[in-house]
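Everything on this sheet refers to the single structure shown next.
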Amino acid sequence: MGLPKGPEGQGLPEVETREDEEQNVKLTEILELLVAAGYFRARIKGLSPFDKVVGGMTWCITTCSFDVDVDLLFQENSTIGQKIALSEKIVSVLPRMKCPHQLEPHQIQGMDFIHIFPVVQWLVKRAIETKEEMGDYIRSYSISQFQKTYSLPEDDDFIKRKDKAIQTVVDLSDAYKPRRKYRRQQGAEELLDEESRVHSTLLEYGRRHGFSRQSKTEKAEDKKTALAAGLSAAEKTDAHEEDELQAAEEQRIQSLMTKMTAMANEESRLTASSVGQIVGLCSAEIKQIVSEYEGKQSELSAEESPEKLGTSQLHQRKVISLNKQILQKTKHLEELQANHTSLQAKYSDKKKTLTELKNHGEKLDQEQAALEKLEAKADPSILQNLRALVAMNESLKSQEQEFKAHCREEMARLQQEIEILKAERAPGEKTISSGEPQGALTSTMTHNEDLDRRYNMEKEKLYKIRLLQARRNREIAILHRKIDEVPSRAELIQYQKRFIELYRQISAVHKETKQFFTLYNTLDDKKVYLEKEISLLNSIHENFSQAMASPAARDQFLRQMEQIVEGIKQSRMKMEKKKQENKMRRDQLNDQYLELLEKQRLYFKTVKEFKEEGRKNELLLSKIKAKAS
């Protein structure tokens, strides 16, 4: 892709590019990366590869929160200096972003996509990471702002149960906290060793610490087992010492207990009769408290172990999640419908524009064909007549200019003669008055009348010539207008290019609209099938218990299920058949497309050969003319 050469044949400095398959593959991969990252401007077919790649790199850099001093929004087809300046500004930002790949401005300007690809790949990756970070930040910020103003039903329920649960825990801790049952008597001797003080404190709160006292039956059983096992004398001695230590410990505890008195407040123990009276009087309140305690315990167990929920709660959660999914799908469907409506309106406008352009093109083709027929039929005579009229127009214009100049000269001469006659007439009158003869006066009057007559004749002649010239000019203007109405070869080529561009744009919009139609129909069918499935499952769930109540109802229910399954199988077979038909149609269209591609290739090959033969023909004609001269 070099620059045009100068008049001396020396070319300007060219930028080396590798226009091979690898470059095209890399360009395609770069554009796919940019589109996948969200830069949909790369899809526009009218933009050059430089604008797409540089615009995509700038978009990635700005997405990563880095500033680039460029303006690429509506400045396309820039000069080489502007392209190099843009490339230098982009390259200067890459080191600040800590890009691991090296890139030079001339590589961007020269479209060296092999070296541009790793940089674009890194920029796209960085842009996607930045977008994810910003998305997480915006999501957390949105959640925090939402929680400042609104709250979910689950949060409201938790807040309502929170105070109740805290009060329950406090009540339980108060109910089961350690309570003092005994108190040391005043005037009792002070305990000196730490172990005795610990035992005394534990005994005050009703807790015994030390050897547990075994019953006589347990001791007898231990002795029997020991004798049956044949214990030795040493083991008997150890058992006896252990009994003595236990007896001493019990005696010490009893001595400590004798020095304590029972508490005489509300914490003291109640008798059996008082307990019976309280239970008889407050049985309803006790039942209510027990039921509240069981409810709190069930709520706490549900919060602590959600995996142990019942089937009804699990079903309710599933229903809530399904309702949320249905709302999301409905919202998505509304967005698709709105997008479909806008695209349908655009498609209608484009289709109308295409129809108008086609009609105008057909009209132009008809007029061109009619003019070509007229030119083929009466080309020589019309052209000769046109040339004669143009030459006549030019000659009449020159004659008009000459005649105007001649008339001015004649008018000046006549005015001069009139002045002379006026000057001569004054002394003539004097002679008449003096009694001279009247012959001179008569000759002068005759000469004046002759001049007036000649002047009127020339004036009438000029008027007729002007009328003739105006008629000829009108005819020439009509012919010029007819000639201008016929488009030239360059204009026809421009019309053709523009029609091709419009056709490509309309075909792209049409293809995209068809894709949206297909997606919408697919989602609509999916929605219909899901609704049918949900209604079927709901009806099965509602009628299952009734159907299982009796054998006749169960048989009828099974028959209905078999009919439903058979209908589903038939629907599936229809869809499979439709799928096979679409597949066969796709294969046929693919074969037709391949045939058309082969014809197009043959057409291009034939055109190329025809151009080559035409070039050879021109060379031969030039050689023949050179030899003839």
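Even glycines carry a Cβ here, placed using N, Cα and C.
Between the stretches 138-179, 558-599, Swiss-Prot puts its coiled coil entry on 558-599. What Swiss-Prot records as phosphoserine, among Ser48, Ser305, is residue Ser305. In the predicted structure, the region 'Sufficient for interaction with CCDC22' (1-428) carries a mean pLDDT of 73.
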